[in-house]
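Copied over from TrEMBL, here are the features:
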type	residues	note
TRANSMEM	41-58	transmembrane segment
TRANSMEM	70-89	transmembrane segment
TRANSMEM	160-184	transmembrane segment
TRANSMEM	216-235	transmembrane segment
TRANSMEM	259-281	transmembrane segment
TRANSMEM	293-310	transmembrane segment
TRANSMEM	316-339	transmembrane segment
TRANSMEM	360-383	transmembrane segment
TRANSMEM	389-412	transmembrane segment
């Protein structure tokens, strides 16, 4: 039965990661090859905005209909958007492609709410929760690798339309699987609907939202965590977004980037995310974050130094692949540590607002990455790669200092984090 749950969750998180892979890895390289500016490519990150707004429609998904219907509806909608994308050429219909990607992000964000809600009802006990969260991280990143790396590696041969027709069949097959999945029987997830009666008692606060916001911000550690989740990825996000485009301009083809950055580097990211959970069972989160953030800053120094080499060579390609792999590995590790930090903070809130508190932090985490990703291309176009990466490095060093200070005098002090989630 547990294997059925893991397959079910892993498959849904896999297809949920496809839009991210398309937009973060495939689309920038494809548009750059078509001659679009880095500023325009950077602004495509605005299409992620539905993920920032998902907290607004989460209550609707939670209280109306069943999780099975929401999942089948959203996955079927994703199949239809892929059909629409297959009929478009990004060189000639950039706004049409942008519209379909916006629709995909909207549907995927709703799917995320539904599958998270289903997971809460399906997973029982600490053991199942650990395995379920592993399925979430690995499934999502595998979907991203498939779309952003695997498809990019063959797009020159297969073409844009063929690629989206393949995705159409993938989504249609998953929709049929979910429709008949026995793990979503009403008896299995009935507990979620039963929680609705508990929420009804919170109507007074719902009518006076400022009371909820005051409660959220009054939770110990929240101000520090808010600043942290908004800024912890800024420098890294700029480097991860722009370095592959530097390589496309000077050293690698789109097919090579699809393999090395979209597949190999993302594989390192998955390893980093998985290792984070194992390390948390052995070491305190404060000590881990202090060291990993310093390592990330050092890796960005290494990556920035590669920007001075403009002549293509096998050595440069090897160093670039090594740099991207290290950066993605540390980024995956930091992501696991960050979501654990967010959970620690939320656990200090009273039970009636814990779900809202965590959604609030998660939304800010997406907003911080999204905003900087949208602006990074403009920074590079305006100042050039070398100056822009010096700026990214400065931001990364500032975040490392922010974390280092917090481990001694702030929210990450050891005595506040003795009880680590396993």
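Using the three backbone atoms N, Cα and C, a Cβ is placed for every residue, glycine included.
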Surrounding residues of the transmembrane segment (389-412) on its own chain - C-beta under 8 Å, 6+ positions past either end: 221, 224-225, 227-228, 231-232, 234-236, 238-239, 242-243, 285-287, 289-290, 293-294, 296-297, 300-301, 303-304, 307, 341, 345, 376, 379, 383
Range from 41-58, 70-89, 160-184, 216-235, 316-339 with the greatest count of C-beta pairs under 8 A to the transmembrane segment (259-281): 316-339
Recorded stretches the transmembrane segment (160-184) and the transmembrane segment (70-89) touching, at least 3 CB pairs under 8 Å: yes
Sequence-remote partners of the transmembrane segment (316-339) [C-beta within less than 8 Å, at least six residues beyond its ends]: 137, 141, 228-229, 232-233, 236, 239-240, 243-244, 247, 251-252, 256, 260-261, 264-266, 268-277, 279-280, 285, 288-289, 292-293, 295-296, 299-300, 302-303, 306, 309, 365
